[in-house]
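Asker: So TrEMBL lists these for the protein:
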| type | residues | note |
| --- | --- | --- |
| BINDING | A:6-13, A:30-32, A:47-50, A:Glu58, A:Asp82 | GTP binding site |
| ACT_SITE | A:His46 | active site, GMP-histidine intermediate |
Amino acid sequence: MHLILGGARSGKSRFAEDRINHAGGGTYIATGRAWDTEMANRIELHKSTRGKIWQTIEEPLDLCAALSSCNNRDGAKPIMVDCLTLWLTNLMLEDRDIDAEFGRLCDFLPALDVPVLLVSNEVGFGIVPENAMARVFRDHAGRLHQRIAALADQVTLVVAGIPMSVK
Amino acid sequence: MHLILGGARSGKSRFAEDRINHAGGGTYIATGRAWDTEMANRIELHKSTRGKIWQTIEEPLDLCAALSSCNNRDGAKPIMVDCLTLWLTNLMLEDRDIDAEFGRLCDFLPALDVPVLLVSNEVGFGIVPENAMARVFRDHAGRLHQRIAALADQVTLVVAGIPMSVK
Amino acid sequence: MHLILGGARSGKSRFAEDRINHAGGGTYIATGRAWDTEMANRIELHKSTRGKIWQTIEEPLDLCAALSSCNNRDGAKPIMVDCLTLWLTNLMLEDRDIDAEFGRLCDFLPALDVPVLLVSNEVGFGIVPENAMARVFRDHAGRLHQRIAALADQVTLVVAGIPMSVK
């Protein structure tokens, strides 16, 4: 399990994609929802840059089900989840129990028998946001990253497209 | 002297606490003020996770006095200051002379004869804030971190709970 | 070519200046425009801390022309560009074709026959800004950093005045 953190436009998804391309392809679990044109364009751009050696699953909420559907299949092709922060956004918009969802994911991940690369935005290095929802979001994101990082074999921080090894 | 930087919910306080727990406990200097319920809950949560091997001093403004009271006492038990950014917030709210306060702290720290771990939020990696006070705050925070880091024996950046060595 | 990233008040410019001071001076290309008093003060502060071993060129938009004017001159004295994010700000305010400008710079840089240190703000590690222009800005900045980092011999992230090697 590999947690890949990075800022906006840091090349974190590209880094994960490159690793899976070198492994001959895999499964891309897209958590993003096209709730506006800006986002729709980003999703399309991401799709168009991936090749046919990828299978894509779109799953905004039930990440464990999406991961589970990849288990014991396809000769252990690696999975890329892009990204945890969009998944968190969706959970919050649906008013889910965030800690319960995090617990479910963290209980499930060690049982996966294929390599998984989890991509997420590091969002905690700015000024405290004035927006209360944004404060809650970055607190959740920080806690999730800590939990996943504790379980992960590798943690990478991508800066300007270049990986820095964290763990 | 060890400066421990991290983003929001990065595990920076936990990292410092763990180190002092392994050393058999120490003194926790809390700079936070419970000026709203959110903050009060955070302070209580932090307190409840610390054990009885800790002594707690609450000091929002006069950090040198709080540190000084620990000097030559308790068999050199380590001190944790949590955190410098809340101290800076309090200084700004009280309209203190920030550079003078920074100078006083930086003059005092090398004279401490016990190990001190200074925890602080790295807040400078976001977009320039629209709020002028927030811009002043992050400028002050950045300058303080530079001054402390120049004096420190170790500087650590905590990312997703994992320490990255900076110095 | 050396890309130097850092947050606000991280000491990134100081780090670049120190390196060029040790090399006996060089050319400082200032991209900042004094569009308000706060900025004017920053520019003056920066100027006053540099010595006479520096030549200063102020160029808010045509970075390639400024760099070109340093080529094959002054016995290969190093150049410092401070900073790419202010240059990007100016390009956006002038409504230039950002990708074309990035392409022009990235085509030009490898042809420079003197060492160049490019300083820039890492702005992508915060919460998604509510301001749409700020979102566009940090997307552009992230893409520019990736392109420059791919070309650069060295990439450094400055944290609290201390350099962390990225590449």
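Residue 1 is the first one shown; counting continues down the chain.
In case you wondered, yes, glycine gets a Cβ from its N, Cα and C as well.
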Asker: What is the separation, in Å, between the Cα atoms of the residue listed as 'active site, GMP-histidine intermediate' and A:Arg9 (GTP binding site)?
Answerer: 12
Asker: If you count Cβ atoms within 10 Å of each one, which of the binding-site residues A:Arg9, A:Lys12 comes out on top?
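Answerer: Highest number of other Cβ atoms within 10 Å: A:Lys12.
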Asker: Give the helix, strand or coil assignment DSSP yields for A:Thr31 (GTP binding site).
Answerer: coil
Asker: Starting from the Cβ of A:Gly6 (GTP binding site), draw a 10 Å sphere and report how many other Cβ atoms land inside it.
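Answerer: I count 28 other Cβ atoms within 10 Å of it.
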Asker: What three-state class does DSSP give A:Gly6 (GTP binding site)?
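Answerer: Note: A:Gly6 (GTP binding site) is in a strand by DSSP.
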Asker: Which of A:Arg9, A:Lys12, A:Thr31 (binding-site residues) reach within a Cβ distance of under 8 Å of chain C?
Answerer: A:Arg9
Asker: Within 10 Å of the Cβ of A:Thr31 (GTP binding site), how many other Cβ atoms can be counted across all chains shown?
Answerer: 23
Asker: Let me know how many other Cβ atoms fall within 10 Å of the Cβ of A:Ser48 (GTP binding site).
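Answerer: Around the Cβ of A:Ser48 (GTP binding site), 7 other Cβ atoms lie within 10 Å.
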